[in-house]
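Lifted from TrEMBL, the feature list:
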- A:19-260: domain 'Xylose isomerase-like TIM barrel' (DOMAIN)
- A:E134, A:D165, A:Q191, A:E239: divalent metal cation binding site (BINDING)
- A:409-435: region 'Disordered' (REGION)
- A:H449, A:H522, A:E597: Mg(2+) binding site (BINDING)
Number of protein chains: 2
Amino acid sequence: MRRSIATVCVSGTLDDKLTAAAAAGFDGIELFENDLVVSAWSPAEVRTRCADLGLGIDLYQPFRDFETVDDALLKKNLDRAERKFDVMAELGADTVLVCSSVHPSAVDDDDLAAAQLARLADRAAQRGMRIAYEALAWGRHVSTWDHSWRIVRRADHPALGLCLDSFHVLSREVSPDGIADITRGKIFFLQLADAPRLRMDVLQWSRHHRLFPGQGTFDLPGFVSRALAAGYGGPLSLEVFNDVFRQSDPARTAVDAMRSLTALEDRLGTRRLPAAPTLTGHAFTEFAVDGRSGPELRTALRGLGFTHTGQHRTKPVELWEQNSCRIVLNSAITGPHTPGTASISAFAITSDDPQRSLERAAALSAPAHPNVREPGEAELAAITAPDGTSIFVTHPTANWRADFLSTTTPASSLSTTPTDSLSTTPASSSPRLASTPAGAGAGLLVTDHLGLTQPFDHFDEAGLFYHSVLGLDDVAAEEYAAPFGLMRSRAVAGPNRTVCVALTVALLRRGEWAPAVADPQHVAFATTDIVATAAALTVPVLPVPANYYADLAARFDLDGDFVATLSRHGILYDRDPSGGELLHLYTPVLGGRVFFEIVERRGGYQRFGEPNAPVRMAAQRHRRLTTTPPA
Amino acid sequence: MRRSIATVCVSGTLDDKLTAAAAAGFDGIELFENDLVVSAWSPAEVRTRCADLGLGIDLYQPFRDFETVDDALLKKNLDRAERKFDVMAELGADTVLVCSSVHPSAVDDDDLAAAQLARLADRAAQRGMRIAYEALAWGRHVSTWDHSWRIVRRADHPALGLCLDSFHVLSREVSPDGIADITRGKIFFLQLADAPRLRMDVLQWSRHHRLFPGQGTFDLPGFVSRALAAGYGGPLSLEVFNDVFRQSDPARTAVDAMRSLTALEDRLGTRRLPAAPTLTGHAFTEFAVDGRSGPELRTALRGLGFTHTGQHRTKPVELWEQNSCRIVLNSAITGPHTPGTASISAFAITSDDPQRSLERAAALSAPAHPNVREPGEAELAAITAPDGTSIFVTHPTANWRADFLSTTTPASSLSTTPTDSLSTTPASSSPRLASTPAGAGAGLLVTDHLGLTQPFDHFDEAGLFYHSVLGLDDVAAEEYAAPFGLMRSRAVAGPNRTVCVALTVALLRRGEWAPAVADPQHVAFATTDIVATAAALTVPVLPVPANYYADLAARFDLDGDFVATLSRHGILYDRDPSGGELLHLYTPVLGGRVFFEIVERRGGYQRFGEPNAPVRMAAQRHRRLTTTPPA
């Protein structure tokens, strides 16, 4: 199907917007009148520019407050419309959006609305144009799709049809089911927007909080499929008013928009993408380190029970392992970098069909780029996530570990077939420490999840990216108050949580007063006995205040000895409504930005201990205050 | 009265919050439980720290979901309360806030609520403590202040009283009038928050959009005066949940908070400040320039009809004049500065009692600092506005112009008594150009307003600053969509608009993609004949697109010749509902940041042509694209 985007969806002047839409691969645009009004280009120049970029002008919008007026005002409104038709003729656009009136003097009279819209359609038809009538959710008298359809049906004019906007339809209580029964050819235009469910004024909700399909909670596939059932064959066009998209890089927003439509079409079956393969686990997480942060991380990894098992054949890259937990330290940092810092530069996941994973990513505007490698080394192609992290996709049996030379005395695990040791669930036959070199483990078995702070402008883009490109699903979403401002979090995971990424962002973009760790990242490892693990650690654990434990005991009515044990080891605690429990602890911040977490999940606890995040943040701030020498 | 602030009002850890509250001069705090829970200090250490800072702990909060439960849960809740009392004893706090229950199992039974709260009050009384019961606006059964009062009255326990929160009271429809009739001594605590009127879920409204008194639209003086009438003598305590304040510099937020309470007390009459004197006009606006931006501004000023009339005796500072419009170019820039840029560093206003203006500012935590000057020069003390701009306050007859040596051939205007030429309304006896040197004027008569972009974190602070410190009132407030994101604007002015400042800010803090001019500032001058003025200009005017005029004609049904005249001179147009008209034009951006505007107001138009701001922004972006050489 033809794919279009309204110019209101993205930031910038008309030039910025058209360039972005074309680069992202759109076929057409809806031209929002104000974008034309402020443009230095004449309508004819816009037409030429669009043609040069391969963009059609599929809709001109909006024309407001036309119908159910007295004769004098009707004449004025028809004159006003003629001027718009003049502009449309210059633009080469043939369809105009007419919104149901919000004018205080509009009257509730379907016959009058139908008659006046028919007169407007007559005028349009004379110029080879047509009218797409839309019920605004806050229209004065016409606010539901079925009401607009009754009026259009009554007018019975070939140049008058419906514009159906998923937001206006799905934000109201009237069922969209009947859309499938609309007379063939009478849906002139389909506008698509998703949104989160919010309890607020519908106009404010619409103007500030719309999202691209798949980023909210509306049933877009259900909406579009009903229009398709009614024979709709026009463009799928995005009309999304969103405060963040309005001011972020239009080139990126347009790519995000295109991805949302492609993924929607995949779900609808009107476009076939390579299916998302099953993801089977985290293979490794790579940290970029330098001469100062490298030693800090090495000490921490050793204290967490990791062993430095391998050294890359050709690069300054180290492999550290413990059971199925693997960390790669990469000292070959490229790009801008603050000395002494560390960051998660990449992570690798295993897919049962890596090639198809990469093909799907490419079809969703996330092309993979090959890893730079020497002859004989394993190929690891990487997709770039919205936060800039590289995601390597590899097969569980791929022998990327052969690129590393053993650094341990018994070269044991590296010389065996990698199948077992790369399996991301602990081998059932081997007790906790069996697959790692003797004496090195602290019971960390597998990567539980990654925690990645997202760039403010790209949080919703990130959610859609992980859903559509990797086929992950939401497993948690929270907003909470933290010491330095409100936070949003959203976690995505594959089936059985074999791959899991927790995304966080500040609810408002941070300003100059930002004493928290900037854009923290972390890796959480799972243990089945966090108390034994904690006892085995030789790395300092983030201190947890005594007040926390006093409050915990009161909140959850916990046994005193149990709380004492938690307190002794700096273990935090959470319980979900069905009794699942999380016990977890943190290291202090390393390399200015990263840290590790150890989690024990009991009784099917699925979340991430969000109520404890403020405790962690305050403790990390306290550590910074007490350990950073004064400048 | 005692002044307190809840720790939730400001950002940071407890240490940050207490330090900020004490520095701003508060007498006490409300300790929000979570701030204690995440703190590394024990309750006893918090008590010591507060005592050291001179802060009392006036309230411990909140205790939730206590009342109307079954016996088993009541016992648990009483145990839970005892643990809180333990913490309060350590803290030295004697009053705890109990919120009306939001628990799904709570029942609607006032007798039960009264009986159970009386039992809680018994326990509190045994420890010398007391219970302040508050109706949350979203409480399950108790959601209005009068309902909470019925329950407290029924319980009739000396250790049980009311906590009245202005947000919970004023966000509901129940009148606050009856508060004045509450039994003397039964209001235990008063929490103050203002808010804008929003149509949204009351819980979200409360948790994200509260403001300090005077920053929103609630009648705080009316609320507090009723409590005072009921004999309330406890603290005036701020409890403000605000997304921006939660993440901005706590030291500044606390000063803003204190200013709001001081101004409220001034209105209540419980604290007497020096009254705000009448402001009579803009004396001058000072631009900081350097060797590159200076020549650019000089050329523009000359082209706008200004004359370089004076040179400062001791500093590299020039005075430029045209009728009552005055610009000072200051090349003695201090502080960080990007070469080639210009900015508005200060503006001077005339007050009929400058000394009292400064005393009032000092009483509102905005102390004035004297201007650095040589012997014999005029003293100009400056107050610092929230955006860092200095505001000089001077008397209309003060002879600050004597610090400048004449640079014009006929040293005319500078040698006369300054009274006339400093008057900010055009002298009635003199036609437009009479008071400026011959041949130099373009009909600019007086400064109409300043336009200052505010730092994101301090927009609400700025509004309160101009209201309380200078006694200005809101004359306009808007939110609108602009090419690079949503904008908020708010204009403040004195009587007859003799002094007027328009404040703007992005609705969301700008990110990396920000092609608009960063933090633009401008001065608008008034003319009574903008077409004649435009014809006299020898400076390029910001080009306005033809599309704008085509749309304008259709929107306002304007005469073709009139629109052609506007178009010829790049004049923008707006009309208000009562027929008042604004005609205005802009210069391009100068020195990377500043520009000038010329306005003609007809028929009492009071606003600022906000609908045209997007046109200006797009044109400024276009000019940057076409005039900035590629990097």
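All residue numbers here begin at 1 and follow the chain in the order shown.
Any Cβ shown, glycine's included, is placed from N, Cα and C.
Counting every protein chain shown, 24 other Cβ atoms lie within 10 Å of the Cβ of A:E134 (divalent metal cation binding site). The Cβ neighbour count for A:H522 (Mg(2+) binding site), using a 10 Å radius and every protein chain shown, is 22. Highlighted in sequence order, A:L97, A:C163, A:L164, A:S166, A:F167, A:H168, A:F189, A:L190, A:L192, A:A193, A:S237 have their Cβ within 8 Å of the centre of the Cβ atoms of A:E134, A:D165, A:Q191, A:E239, the residues recorded for divalent metal cation, and are not part of that set. A:H449 (Mg(2+) binding site) sits 45 Å from A:E134 (divalent metal cation binding site), taking the C-alpha atoms as the reference points. Residue pair A:D165 (divalent metal cation binding site) / A:H522 (Mg(2+) binding site) shows a Cα separation of 41 Å. Same-chain residues at least 6 positions away in sequence with a Cβ under 8 Å from that of A:E597 (Mg(2+) binding site) are, in sequence order, A:D448, A:G451, A:H522, A:V523, A:A524, A:F525, A:H584, A:L585, A:Y586, A:T587. Those residues of the chain, other than A:H449, A:H522, A:E597, with a C-beta within 8 angstroms of the mean position of the Mg(2+) site C-beta atoms are A:D448, A:L450, A:G451, A:A502, A:V523, A:A524, A:F525, A:F595, A:F596, A:V599, A:F608. For A:H449 (Mg(2+) binding site), the count of additional Cβ atoms within 10 Å of its Cβ stands at 23 [all protein chains shown]. With a 10 A radius on its CB, A:E239 (divalent metal cation binding site) counts 28 other CB atoms from all the protein chains. The secondary structure of A:H449 (Mg(2+) binding site), as reduced to three states from DSSP, is extended strand.
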